[in-house]
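Quick look at what Swiss-Prot annotates:
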type	residues	note
BINDING	Asp8, Lys30, 59-68, Thr118, Arg178, Gln187, 207-208	substrate binding site
ACT_SITE	Lys61	active site, proton donor
Amino acid sequence: MQLCVALDLEKKEDNLSLLQELKGLDLWAKVGLRSFIRDGATFLDEIRKIDGNFKIFLDLKLYDIPYTMANAALECAKLDIDMLTVHLSSAKSALTILMQRLNALKKRPLIMGVSALTSFSEEEFLMVYNAPLKTQAITLSAIGKESGIDGVVCSVFESLAIKEALGKGFLTLTPGIRLDKNDKEDQERVANAKEAKQNLSDFIVVGRPIYQAKEPREVVLELLKDC
């Protein structure tokens with residue numbers, strides 16, 4: 001299991017300062033919408049300057065009509081990133097075209113499809129998708145696998161079921177990881193790193209428990225032990 005550190009701080013300088021503290025550790029730097037829109041593609045180069053071994057996860061959750069989404073993914077791939085997210089509900093046609101385009105490249109990032117955001121409660125998900133959360137997460141994940149993507153973004157609580165349905169080689173990335181599961185904030189389906197590993201998660205995403213800590217590096221070292 002691998003650790004992705006979410007760079008969601010208010011200022012670019014704060015994100016870079018955090019990475020300076022984590023230099024030399026085996027982790028992924030997750031750049032989301034806020035940081036990418038604010039700081040641009042050059043932010044990725046600044047991450048690499050701190051530690052060239054940091055792997056870069058561009059978490060943009062692309063969702064659009066097929067060719068628009070595929071073209072956007074191609075532009076992202078040109079930034080030499082290691083992982084990119086797209087929405088599974090964009091449908092099989094969009095995902096298939098996207099993967100055809102990316103597979104033509106000499107090197108492409110891992111493509112992870114978002115199934116159900118971890119901010120969804122069971123009730124909210126049912127209202128939007130008119131289906132039970134775990135059932136629909138597996139259905140969407142199957143569409144993703146048929147389209148050729150590498151894996152899915154899901155909560156810890158769907159990870160094992162997705163692995164059992166689609167095989168252990170189909171990757172799962174699980175956000176909503178907390179040190180204290182009572183500390184949900186804007187997440188609903190949270191778990192700790194040990195539970196993520198028990199449910200066969202390949203990647204975990206941790207943000208606030210790291211950057212709100214007095215000693216972020218110590219928190220990351222503890223998390224890496226659980227990985």
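Backbone N, Cα and C atoms are what each Cβ position is placed from, and that goes for glycine too.
DSSP assigns Lys61 (active site, proton donor) to a strand in the three-state reduction. Around the Cβ of the residue listed as 'active site, proton donor', the number of neighbouring Cβ atoms within 10 Å comes to 17. Counting every protein chain shown, the number of other Cβ atoms lying within 10 Å of the Cβ of Leu60 (substrate binding site) is 17. Within the same chain, residues at least 6 positions away in sequence whose Cβ sits under 8 Å from that of Pro66 (substrate binding site) are Ser90, Ser93, Ala94, Ile97, Leu98. Annotated pair Lys61 (active site, proton donor) and Asp8 (substrate binding site), C-alpha to C-alpha distance, rounded: 15 Å.
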